[in-house]
């Protein structure tokens, strides 16, 4: 028994006998190709299939169907050759028989060794069926992967495979970017735009018919990368693959960014394995193993998402079967074990066969194991010999192995043994016995007929060698005397036994063991052994009845003492036998044994005669000898006969005989009868057959029968009789009387069935005729019966053409010949459609009969292209249907090629074409014709006989920028095609061949030269002149000679360009080149010109100043660098001015000279001078040198400016004086002269350093003259005027201080002295309408003086004797007033500004600060300008951009108020598309060219060009970007689809838009230039919409002009409100003051009232009613927070500006980019208050206005400046709550902004604005009364408040009758208010806000009145 363990075979000893395995000899069986399991072939080719099995010697090869039926030959259909080859012939569709052409077959090989069968082989015929293959268009993004798949119909997919791919008729070779996968797909990696220009086809081939097919041409649409998540392009499905093979799991995805691919197996990343290769197409696994099975997932990921493809891969290990043992030869009755070991994938089934027959388990055979993999045969019999096969099957795959088993008589035989020997006691010995047998025998040992028992004395062993020899040993280690004797080895198996014996003598005293009696069977041999032990002994003798044996021939005594009795006889051999052993001379020992003989039964032979039914039968069985008792029994066919009525048999048995009696014999009594006799000796039997004969008779008689040709038929004939009758069939051909019958040859096709019927498996036409069924069994006469077989022929097509040709337009006939049983109907089909000739007159069908054939003719008149299909004729009768398939090919001249332009150059073009339909005839050549567009085809150029293998050509020697018409012809054997669709092609432009002409230069400025020229000659332009390159270079010394190039677009035939930024007064050479789209042409001849002179750009060098005298100085310098003169130096100008000690500047003077030195004479003595020197040319003054300071020398001072002398006591006077007007140096001291006229006394001199002196010791009542002189280092100066004074005791009040003018900067402390003397002491009083602090010495102190402190101050000293008065005129210097700033000129990069300075504030202007910024930013840049300049140019600005500019003057006090912010725009505008230019250059089915040159820049270079397009009706736009010089194509367009196109071109000035619609053409590979008129007619709705938009634009432009008018009105109002008071105290108001001009741009207002009283702020939305109430001034009693709901939210942050200095502009904290405006908008916050009924003050409220812009779709947030100005807080305590001009300006500016844009709203144009009252802080001004005036322009002529103050005006909704009236504006009228001292007054402004955006569709809008207030406290008496 074999046990399988770990794939190894082990052997285990078992009590069962083992078999012997050896080679079965030279007879063997084998397989040639056991793996052959499927054969598919074409019905038009057939197949020959050799039998995959064989044998040696030659085996008999037979073919069977899988059902077990042997196959037969069918003429011209199937035949089995003598060598075992199965031949299936080609056949027509009508001859198809699934029983033959689509079935499972197997082949057997049989010889003496056995019979084996092949696995089932599926044989299938494939018809020639029409099919087409197709490739679908694909889309891919540039840089991605494109996947094309060949789509094969499912019906033929199994047989058709892709063999190649073509790209534009050229085979694609794997490599570069193209890959062909194992499953037939085409991969294109790194897709480029040019891939969209090709067509792709797949070529397939039928595996069995060899037919090839070419698919349609597919296109690839290439899109620009667009950010998107991955898209799976190709994926895999669950698959089963055999181990060892390779597999490709496709996984490819598209997307942008390009996705990454990650592979997972069972949820984990792939381990590293060289068998796994990641490719572009997916994952390739080679040398598959079972462990590769699992779930595979492909993850594709990019930054926008991920996708996953997963599938199960099952790796199937091919089944491998091993059957063991192999070629086994063993004996009958053996037990056999067969093990079928299967390797490979699980889930298989096992089937067992013996000699090709399935094994059915029975009493001998059992099938065991989990998979039925073990076969056991118990007690094998001879018939179990043969070939055993084990088949393992799994899903159609089968593997097998076989073993040849030979069973023979395997009676054991002793092949090796031991011999007699003598051993000494204790001397070990070993005995060996070897035997062979089948099955291998088992060996047992006996000693003197007693079994040898394994114990401590005896050691036995047994084993079987590989050759089947069984060996057994007996080992005796310490023998004793008793261990001697006769040793016998007996080999036994199921087939028999064999023995061998020999004596082993152990030395010792001999003796005989006791012997047992023996029973012998008479007639057989018996052995009697004398059991002698011990050695030596002399002899052994046998005696019987006293006689020494042997005494006859049947007795033999062997040397070892064994007695053999042969053919034992009872009388002679029965008795007692004596064994006598002579151990010493005359000494012997004896032992007896009794032999009893038993006699077996002997049956006398008998026979059983044949009999017939119904007769009596007696059979006697007599035992002639044998020991009694004898038992006799009867058996029939091996079964015990039980007598009785059921069996109809009676048995009578006596002592030695038995008889069997049958009273009435029937057929069931036929059989073998056995008589069995047995006694104690043996059992014997005798067997004979009883034959009961019955003559034959018909059970079913043959009758005439019809059979169908090709089908199976049975001729019934059933007979019975005994012996079974033999049936013979005979055949006589013909349908008349049978002439002669011939035996029917029995083949595989014709067989006699078991019941006698004749089976014809495949009826042929020759089988018709008479048949005779004849039966005989030797009993009686033969019987027979005839019949007629009629063969019915089904309709079949016997003749038709497989393929045929026709010419288009001609008549074509198709013939089909059919035969079969009449009537036959023939039907024609075209493809799958039945042809109805009655309905389609182009077809006609005729029928002709010729003998037994029917000929049908289908006539096509005329043949058309669509007839190139499969036609089929179907013959139909009552017995079947036949079909004939005809492939008709209609030939004609080819279709014209689809011509397209692949590349166009200036003088050549590359054409490519696709030959769609070749007319079903090979293309032989091509012709290309081309001409000028304007010429006729009579003047064409031709390129002929182009090879058909080419699909592209180059046309050369064309003229640049010319329009050509091109067409093409193709030729085949039938003729020439029609011309292709005419293409109109414009050659590319070439660089111009000629230069511009008539070039002229004209210097314009010092840095510019105007260049004029004309375009090159027309014939040399080679295209449209797009522009010019102007090259210029400086030709002066030091120039590098290189040209600088500038470029401009062409505007016409005559051009002008101005070269800017040239060097001043320099010679330049200029050349001009024209360029077109292709490049630049030759240069013109260089022409020279010199720029105009300009002012020197640098000042003179080494400027020095030397003071010569007190009034003379010398200034020297050196010439500026030559390169900076910029012209011819005309001379120098010295500019100088004096600087006074009080900081004021003297008058500016200048001296002109040609020398480099000048003497300045007549200067002020001991005075600081500022000196600057400049050079000038004819163009003007150059740059001044740095200021050089010089001081003149000291000189004698002038007289003191004034002197006073007043008595202070009876003996003293006090003298005071003023310093000299011209000190001419540093006053060191003063000399006081005092003299008494007429006294003769000398003049007294007093030297003092102060400005007053008391002279004492004078005489009372005496007059004195006093004068003074100043002293410098130069000496004493002139004396002052003389004053006379007389000392007195009582002195009236006198003032020593001097009146006059005092000048001081503002915000300083000023002391006005008023020193007095008098007796009694005078009282000092200062008067100027206000009280100020006065020191004890009479000095008036003014702190932080302001402009309003200016004026005349009077000091009066009074005592009882008199008074004295001085008047001091105080002048307070303030920052200068704002200049009036205007724009002079603008260019694309500069703005020239001019201004008129305002009031200097009492101090000369030192300079100006200019600030500018881009309009939508707050990044201000500063420019410092000299005080002498009133004009300035801002350079290097952005083209077409709005700028904000403001200017402030600066004096010694500081910077003055900033001018109004003006806005100016540099030249240039947004790009505009030229209406005369076509938007599209060409359109085809997949591409469209965009005309980017149609954009005009608007004067500013185009920086961005964006394009969006989409199919009409879809929502997703595709975007592209380009620049204005590149050529742009739209690709991947859908065929015959309308598209929407939007283009947007941007420059620094803004963006221009252009939109259109176009339609891609139907794919014809023809490129045409777009006809604009046709496009206009097609897109008329779009044009109408465009016109509507243009009309809207014009309306908006008109509105804009109206708004500009309102802007001027708003400015006038602002000027009225921001007037400044420049009057003196006594000056009445005369006319409007000069105020700043404002630019306002605020379209919307949002109101916000914040609660300032609490710490927490809240925003509470209110209803419209609440809103109206909340803003009512009468309801302002507590703080609330209010938001107007009609305005949009998301307002910008507010910035608290309550501490902003007056005259400055706030800057926003945050800027938000606007989509519709590039302007800054402002937001203001106001503090509100109102008078309370119970209090004199009101709670403060804050109102916020958030300005926003109206977009095209409603209100949209814009970039805004938001800030807060709390005007109720006086931030300047020194002003005593007076509203200054500076603070009011920002207030009114913001107020005017809100006012202006309340009027700018369209639905507010009729609102009425009324100023109700104004309160002015000047008491001398008149109060204004309420008034109304309609004309807005009258605002500027009205009287306005001269001082800042408070005004109230309201706005109210218009009445219906007011809609036709003009605008109502506020008109201020003076009036006086009656208010308490600290009452606050209000400036009340109303503005109307509408909720909805005004629309032309509606006539109404909701109007609501809102109000906001601005207040400022004003002193009562100031009103």
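Cβ from N, Cα, C; glycine included.
Given the structure is predicted, the values throughout are model-derived calculations rather than measurements.
Marked as compositional bias 'Basic residues' by TrEMBL: 1710-1719.
Feature annotation from TrEMBL assigns compositional bias 'Polar residues' to 1720-1747 (among others).
Residues annotated as compositional bias 'Polar residues' in TrEMBL: 1755-1769 (among others).
Annotation comment: TrEMBL describes 1820-1842 (among others) as compositional bias 'Polar residues'.
Among the features that TrEMBL reports, domain 'Ig-like' is placed at 17-111 (among others). Looking at the domain 'Ig-like' (17-111) alone, the prediction's average pLDDT is 83.
Among the features that TrEMBL reports, domain 'Ig-like' is placed at 119-221 (among others).
The annotation domain 'Ig-like' is assigned in TrEMBL to 318-403 (among others). Per-class residue totals from DSSP over the domain 'Ig-like' (318-403), listed helix then strand then coil: 3 helix, 49 strand, 34 coil.
Summarising the annotation, TrEMBL assigns domain 'Ig-like' to 412-505 (among others). Per DSSP, the secondary structure of the domain 'Ig-like' (412-505) breaks down as 3 helix, 56 strand, 35 coil.
Positions annotated as domain 'Ig-like' by TrEMBL: 510-590 (among others).
If you look up TrEMBL, you'll see 696-790 (among others) marked as domain 'Ig-like'.
Across the domain 'Ig-like' (794-891), DSSP assigns 3 helix, 61 strand, 34 coil. Positions annotated as domain 'Ig-like' by TrEMBL: 794-891 (among others).
Here TrEMBL flags 1099-1195 (among others) as domain 'Fibronectin type-III'.
Annotation comment: TrEMBL describes 1199-1290 (among others) as domain 'Fibronectin type-III'.
What TrEMBL lists as domain 'Ig-like' is 1292-1373 (among others).
Residues annotated as domain 'Fibronectin type-III' in TrEMBL: 1375-1469 (among others).
Positions annotated as domain 'Fibronectin type-III' by TrEMBL: 1474-1567 (among others).
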Proximity verdict for the domain 'Ig-like' (696-790) and the domain 'Fibronectin type-III' (1474-1567), three or more C-beta pairs under 8 Å: no
The domain 'Ig-like' (696-790), counted residue by residue under DSSP: helix, strand, coil: 3 helix, 48 strand, 44 coil
Proximity verdict for the domain 'Ig-like' (318-403) and the domain 'Ig-like' (17-111), three or more C-beta pairs under 8 Å: yes
Contact between the domain 'Ig-like' (794-891) and the domain 'Ig-like' (1292-1373) (3 or more Cβ pairs under 8 Å, separation 6+): no
Per-state residue totals over the domain 'Fibronectin type-III' (1199-1290) - DSSP helix, strand, coil: 0 helix, 52 strand, 40 coil
Secondary structure content of the domain 'Ig-like' (1292-1373), with strand meaning DSSP E or B: 3 helix, 47 strand, 32 coil
Structural state census, the domain 'Ig-like' (17-111) (DSSP three-state): 7 helix, 40 strand, 48 coil
Counts of helix, strand and coil residues, the domain 'Ig-like' (119-221), according to DSSP: 5 helix, 49 strand, 49 coil
Ranked first among 17-111, 119-221, 1099-1195 for CB pairs under 8 angstroms with the domain 'Fibronectin type-III' (1474-1567): 119-221
DSSP-assigned states of the domain 'Fibronectin type-III' (1375-1469) in counts, ordered helix, strand, coil: 0 helix, 48 strand, 47 coil
Residues in the domain 'Fibronectin type-III' (1099-1195) grouped by DSSP into helix, strand and remaining coil: 3 helix, 52 strand, 42 coil
